[in-house]
Amino acid sequence: MAIDIQPACLGLYCGKTLIYKNSSTEIYGECGVCPRGQRTNSQKYCQPCTESPELYDWLYLGFMALLPLVLHWFFIEWYSGKKSSSALFQHVTALFECSIAAIVTLLVSDPVGVLQIRSCRVLMLSDWYTMLYNPSPDYITTIHCTHEAVYPLYTIVFIYYAFCLVLMMLLRPLLVKKIACGLGKSDRFKSIYAALYFFPILTVIQAVGGGLLYYAFPYIVLVLSLVTLAVYMSASEIESFKDLLLRKKRLIILFSHWLLHAYGIISISRVDKLEQDLPLLALVPAPALFYILTARYTEPSRILSEGANGH
């Protein structure tokens with residue numbers, strides 16, 4: 001097979017796009033930006049992304065998908081009030097919205113119509129920030145080669161957030177208006193208003209820090225789940241197993257944190273060696289057990305009461 005030989009491309013992400021191919025000849029264009037769904041290989045040719053995402057990639061997408069859901073649940077709980085019967089229905093609705101948004105996002109991604117995506121392998125942090133690596137050979141003219149080298153891990157998150165926002169605006173106001181009778185008119189829609197704030201914030205975080213989150217999210221999950229569990233157990237004055245079993249809600253929150261612990265551990269280990277990594281999941285209950293066993297020595301209830309009294 002004959003290949004059209006041209007000078008090598010400058011920069012990390014500039015490549016030559018295939019413009020003609022037959023059984024004996026491949027002709028490539030000039031160096032430039034690769035089309036969407038392609039990235040440069042080691043020979044500086046644009047190649048289609050045909051691989052399936054790795055487990056770590058799916059875990060990253062799962063983390064980004066969970067962020068709006070957890071924020072929805074937090075603000076619903078925050079604004080619904082203790083006596084409101086609408087919180088459970090709003091929690092279920094938020095889960096439904098995010099689940100449908102995730103399914104639709106996968107269906108509209110390439111290949112269209114199936115719950116699969118094709119992707120390019122993430123090789124290094126700079127793959128997320130190709131706009132910073134546009135070459136300038138004469139220090140005057142810049143060759144723009146910005147493209148999604150981590151296709152589709154960067155843009156698919158924005159698509160998912162857009163569907164979440166649309167579904168929330170279509171479903172949640174009607175539900176809240178019908179069932180949130182225990183709340184005042186000004187309080188009924190506060191969880192929706194909160195979402196109108198945190199969705200733009202999540203979008204900016206993904207746009208600016210998507211690559212950093214890709215490498216840091218396992219540790220973020222693990223640390224935040226440990227901190228929030230400790231804060232919740234101290235605020236609820238849980239100092240024994242009996243206190244933990246008093247309410248079903250406490251057990252639900254505990255199991256939710258255990259799932260987050262397991263998610264963080266699996267993400268860090270990547271389960272490369274299954275027989276070695278799975279025993280790490282036995283550590284999931286350890287923080288809660290450690291807290292309960294040591295609560296009698298720290299007396300969090302006394303610390304909270306002193307803080308409330310200003311001492």
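Note: Cβ is positioned from N, Cα and C throughout, glycine not excepted.
Features as listed in TrEMBL:
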- 58-76: transmembrane segment (TRANSMEM)
- 88-108: transmembrane segment (TRANSMEM)
- 151-171: transmembrane segment (TRANSMEM)
- 192-213: transmembrane segment (TRANSMEM)
- 219-238: transmembrane segment (TRANSMEM)
- 250-266: transmembrane segment (TRANSMEM)
- 278-295: transmembrane segment (TRANSMEM)
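Residues 36-39, 49, 53, 57, 60-61, 64-65, 68, 72, 93-94, 96-98, 100-102, 104-105, 108-110, 117, 119-120, 122, 128, 192, 195, 199, 202-203, 206-207, 210, 214 of the same chain lie 6 or more positions beyond the ends of the transmembrane segment (151-171) yet place their CB under 8 Å from a CB of it. A Cβ distance under 8 Å defines the sequence-distant neighbours of the transmembrane segment (278-295), meaning residues of its chain 6+ beyond its ends; these are 226, 229-230, 233, 238-241, 244, 254, 257-258, 261-262, 265-266, 269, 271.
When each of the listed stretches 88-108, 192-213, 219-238 is scored by C-beta pairs under 8 angstroms to the transmembrane segment (250-266), 219-238 comes out highest. Within its own chain, the transmembrane segment (192-213) is flanked in space by residues 60, 63-64, 67-68, 71-72, 75, 79, 125-129, 150, 153-154, 157-158, 161, 164-165, 168-169, 172-173, 176, 220, which lie at least six positions past its ends and keep a Cβ under 8 Å from the stretch.
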